[in-house]
Amino acid sequence: MDQSSRYANLNLKESDLIAGGRHVLCAYIMKPKDGFGNFLQTAAHFSAESSTGTNVEVSTTDDFTRGVDALVYEIDEANNVMKIAYPIELFDRNVIDGRAMIASFLTLTIGNNQGMGDVEYAKMHDFYVPPAYLRLFDGPSTTIRDLWRVLGRPVVDGGFIVGTIIKPKLGLRPQPFADACYDFWLGGDFIKNDEPQGNQVFAPFKETVRAVNEAMRRAQDKTGEPKLFSFNITADDHYEMVARGEYILETFADNADHVAFLVDGYVAGPAAVTTARRAFPKQYLHYHRAGHGAVTSPQSKRGYTAFVLSKMARLQGASGIHTGTMGFGKMEGEAADRAMAYMITEDSADGPFFHQEWLGMNPTTPIISGGMNALRMPGFFDNLGHSNLIMTAGGGAFGHIDGGAAGAKSLRQAEQCWKAGADPVEFAKDHREFARAFESFPHDADALYPNWRNSLKLAAA
């Protein structure tokens with residue numbers, strides 16, 4: 001059935017829709033399936049399924065219903081681009097406080113439309129949120145400024161937070177795990193649980209929390225510097241998440257503000273993120289996105305992009321989210337990911353299709369991880385343009401030839417090298433831990449700095 005007469009209006013102007021402030025706008029890359037309708041007909045069916053319609057006209061439809069139809073307002077068939085305007089009245093709101101929810105946003109904009117028989121694929125690449133709807137989201141309650149404050153740094157441009165993930169990701173018992181934390185903290189700032197770490201039979205949660213608390217206190221006494229840890233509180237059950245968080249805060253006591261809470265936001269979903277945001281508003285909310293590649297990968301033509309995921313995370317209240325390495329690490333990514341980092345940190349930013357004003361909503365910190373080490377960092381910072389972020393380098397720290405503490409120091413020295421505008425090989429001559437990173441990661445060293453062996457007088461590793 002051709003629904004384009006009802007669910008499409010190509011006379012609408014995007015500027016007018018934005019000025020009106022009553023629509024969420026979404027941009028998709030969509031391809032109709034052969035043998036069905038043309039591009040506009042398929043787009044209109046997609047819009048109907050995403051709002052008030054179905055595959056037939058129903059007798060219960062009235063004038064009010066038609067007034068909240070989602071409408072296709074722009075198409076670019078040559079590039080498979082489709083833009084849809086969703087009236088904000090369509091989106092579900094909390095009964096308890098009238099707030100907006102990402103679950104409803106996803107259900108409409110990327111729900112049943114993903115399984116439509118006449119759509120070969122459709123993927124959301126950007127969305128715009130009008131002020132009236134944006135103000136209904138929680139947004140972050142804490143930011144990187146809170147971590148800088150704990151670390152004793154300026155709360156503006158407080159700089160690079162040197163972090164790691166304890167490796168191996170599974171298999172360490174509580175005391176060896178805590179010992180690895182202590183080792184890294186002798187040179188670094190921040191440690192996170194890897195995403196599967198929790199309450200395994202070989203590493204009971206409470207025992208691990210107590211051991212990490214003791215290791216943090218020893219490291220702080222040894223270095224005279226504050227330290228940070230991000231604990232995974234992800235669970236299927238709201239009460240389990242709260243119980244884990246409360247036990248951590250009780251154990252760390254006067255160091256409670258040194259603790260962040262990590263949530264596997266993609267696999268556990270928006271409800272888990274909101275549980276952490278609302279139950280623990282004083283804690284830094286660390287959004288881990290494990291599993292997101294199933295829909296965000298450039299190889300996947302359905303779902304939504306990593307850019308969309310990060311923008312949703314800011315709305316939900318994530319203090320920080322993993323944003324990849326912009327192609328400088330081991331995970332999928334590209335230099336264009338810089339736009340994602342700016343979208344979640346700035347108050348006014350451009351996405352691939354829409355400009356977004358955040359109206360003073362707190363920023364979300366880019367957390368960089370996935371195959372990074374000291375040698376890759378100068379190029380990464382060049383691409384991003386600043387170093388106000390958290391980096392969690394697992395192998396990049398514990399793969400250092402001299403151990404975790406030296407690995408942490410090499411990461412810090414890499415940022416110092418970049419800020420000084422120095423040549424990395426020349427800088428390494430006066431910075432031992434950074435120099436030893438060349439020996440620790442010779443494959444990267446050969447690729448990035450081909451003459452390093454002669455310049456540093458080092459043998460092949």
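Placed from the backbone N, Cα and C atoms, the Cβ positions cover glycine too.
Applying an 8 A CB threshold to same-chain residues 6+ apart, the list for HIS322 (substrate binding site) reads TYR287, HIS288, ARG289, ILE367, ILE368, SER369, GLY370. What Swiss-Prot lists as substrate binding site is ASN112, LYS169, ARG289, HIS322, SER369.
When secondary structure is read from DSSP and collapsed to three states, LYS167 (active site, proton acceptor) falls in the coil class. The feature active site, proton acceptor is assigned by Swiss-Prot to LYS167 (among others), with sequence analysis given as support.
The N6-carboxylysine annotation in Swiss-Prot covers LYS192 and rests on sequence analysis. In the three-state DSSP scheme, LYS192 (N6-carboxylysine) is classed as strand. All protein chains included, LYS192 (N6-carboxylysine) registers 26 other Cβ atoms within 10 Å of its own Cβ.
Residues or ranges marked as Mg(2+) binding site in Swiss-Prot (evidence: sequence analysis): LYS192, ASP194, GLU195. Non-local contacts of ASP194 (Mg(2+) binding site) by the CB criterion (under 8 A, 6+ apart in sequence, same chain) comprise ILE165, ILE166, LYS167, LYS169, LEU170, ASN232, GLY394.
Cβ neighbour count for HIS288 (active site, proton acceptor) (all protein chains, 10 Å cutoff from its Cβ): 27. What Swiss-Prot lists as active site, proton acceptor is HIS288 (among others), and the listing cites sequence analysis.
Taken from Swiss-Prot, the feature site 'Transition state stabilizer' covers LYS330, and the record attributes it to sequence analysis.
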Across all protein chains shown, the one of the recorded positions LYS167, LYS169 with the most other Cβ atoms within 10 Å of its Cβ is LYS167
Across all protein chains shown, the one of the binding-site residues ASN112, SER369 with the most other Cβ atoms within 10 Å of its Cβ is SER369
Near Mg(2+): residues not in LYS192, ASP194, GLU195 with Cβ within 8 Å of the site Cβ centroid are ILE165, LYS169, ASN193, PRO196, GLN197, SER230, ASN232, LEU262, HIS288, ALA290, THR392
ASN112 (substrate binding site) to LYS192 (N6-carboxylysine), Cα to Cα, whole Å, comes out at 36
Once DSSP output is merged into helix, strand and coil, ARG289 (substrate binding site) belongs to coil
Quick note, GLU195 (Mg(2+) binding site): same-chain residues at least 6 apart with CB under 8 Å of its CB -> LYS169, ASN232, THR234, LEU262, ASP264, HIS288, ALA290
